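Some notes on the structure that comes next.
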């Protein structure tokens, strides 16, 4: 009887799961979005690597990983960003 009760509770909870949950972002935990972008050029010597923002983000750009443990976002359409991208390596994925 306890197994049936547990199964019913699980079904009820699953039915209450919101349907507007963004399942894509749950599948790609390493992805990130940018909401503000660097207005001035970041010196190339300060950047370790870059990665693209996720395709599910409203703003497409690059996330630069900086040497002091910080990150900065930049629009991929800006000239200096495109030049830096050609000179840098892509950041390794943190996925296991």
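Don't overthink the numbers, they just go from 1 along the chain as shown.
Cβ coordinates are placed from backbone N, Cα and C, and glycine is handled just like the others.
Quick look at what Swiss-Prot lists:
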- 1-23: signal peptide (SIGNAL)
- 33-57: disulfide bond (DISULFID)
- 34-73: disulfide bond (DISULFID)
- 49-91: disulfide bond (DISULFID)
- 52: N-linked glycosylation site (CARBOHYD)
Alpha-carbon spacing, residue 49 (disulfide bond) to residue 57 (disulfide bond), which is rounded to whole Å: 20
Largest tally of Cβ atoms lying within 10 Å of a Cβ, found at which of the disulfide-bonded residues 49, 91: 91
Site with most surrounding Cβ atoms, counting all protein chains shown within 10 Å, from the disulfide-bonded residues 33, 34: 34
Residue pair residue 52 (N-linked glycosylation site), residue 91 (disulfide bond) - Cα distance, angstrom, rounded: 9
Fewest other Cβ within 10 angstroms of its own Cβ, chosen from the disulfide-bonded residues 57, 73: 57
Neighbour count (Cβ, 10 Å) for the residue listed as 'N-linked glycosylation site': 16
Minimum Cα separation from residue 73 (disulfide bond), reported as the residue among disulfide-bonded residues 33, 57, 91 that achieves it: 33
Residue 91 (disulfide bond) and residue 57 (disulfide bond), Cα-Cα, nearest whole angstrom: 19
Rounded Cα separation (Å) that holds between residue 33 (disulfide bond) and residue 91 (disulfide bond): 16
Between residue 91 (disulfide bond) and residue 34 (disulfide bond), the C-alpha gap once rounded to whole angstrom: 16
